[in-house]
Amino acid sequence: MSVMFDPQAAIYPFPPKPTPLSDDEKQFYREKIKRLLKERNAVMVAHYYTDPEIQQLAEETGGCISDSLEMARFGAKHAASTLLVAGVRFMGETAKILSPEKTILMPTLAAECSLDLGCPIDEFSAFCDAHPDRTVVVYANTSAAVKARADWVVTSSIAVELIEHLDSLGEKIIWAPDRHLGNYVQKQTGADVLCWQGACIVHDEFKTQALTRLKKIYPDAALLVHPESPQSIVEMADAVGSTSQLIKAAKTLPHRQLIVATDRGIFYKMQQAVPEKELLEAPTAGEGATCRSCAHCPWMAMNGLKAIAEGLEQGGAAHEIQVDAALREGALLPLNRMLDFAATLRA
């Protein structure tokens, strides 16, 4: 598998950590959010990687906790006229693409994603233009502009199946933006894959030697790994999969202890699924390095109770997602291709 570009040369500045709230303040904002959701005919959709108190609030108010695509699909089917998206900006864009008639609000539009930041549209479009014989497949963790440049959008849950399908048709692939997921898919399928060189700042930090030491401490533990992790981590795994697939694996594996190599935000729903099991964080520090993300996306952490309340109350340019109509049409085509393909897998 060839490599052409290394956006990892860029260091993305992290946002400041949110100011902690007192218990009284948390209760105040929880009640305010519940009231505002009713007043605005809104529903809250939260990603697995948001903080536990945010996921809990989404549950309590009849919302959704899931991966980015299922968040958008839930919102599209829901009767609410407004969606409050607790996640990062590309998730709000995806929701707007699938529900253009709805108001899409976010706690902050400054919640970025290193995969999105690492795949700027101008550079990526030039990369695609240099390889016109290849089918362009992009991960859901990309901007609306990058999606519109692609032939297919894909989630980690069906990435292997889609690339197998395209390979069976004799197609050569451009994969973007996550190099680790692209490498995993290529090894699983044997397809001709040309990879963009982005990475998730959370999964890229997992350390092999530190994980080996942890496995010695917990020799009977199973290792669950998201395929955005480095190859050396994936090769150690007992189960590899998307967020929803890892939760399913936690339920089906017989092990009583689980080491989890993905954002620790997933622990909220995973522990609900397996309350009898012990969940352990895979190490992101060690081997001469300290952690930057420390197994939690700093932009996901921006989705606090106060910010959610402000997003619902204020709306406007600081909180509302807008997607240009022409760009939306361009991004909707590869998204719909993926949805149709996923439907054939479920049939």
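The backbone N, Cα and C atoms fix where each Cβ goes, and this holds for glycine too.
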The [4Fe-4S] cluster site in Swiss-Prot lists CYS113, CYS297. Which one of CYS195, CYS200 belongs there according to the record? CYS200
Swiss-Prot records SER68, TYR139, ALA140, ASN141, SER156, HIS226, PRO227, GLU228, THR243 as iminosuccinate-binding residues. Which of HIS47, HIS255, HIS296 is assigned to the same site? HIS47
Looking at the binding-site residues listed here (CYS113, CYS200, CYS297), whose Cα lies nearest to that of HIS226 (iminosuccinate binding site)? CYS200
What does DSSP say about TYR139 (iminosuccinate binding site): helix, strand or coil? strand
With CYS200 ([4Fe-4S] cluster binding site) as the reference Cα, tell me which of the binding-site residues HIS47, TYR139, ASN141, GLU228 is the closest one. GLU228
Among HIS47, TYR139, ASN141, these being the binding-site residues, pick the one whose CA is nearest to that of CYS113 ([4Fe-4S] cluster binding site). ASN141
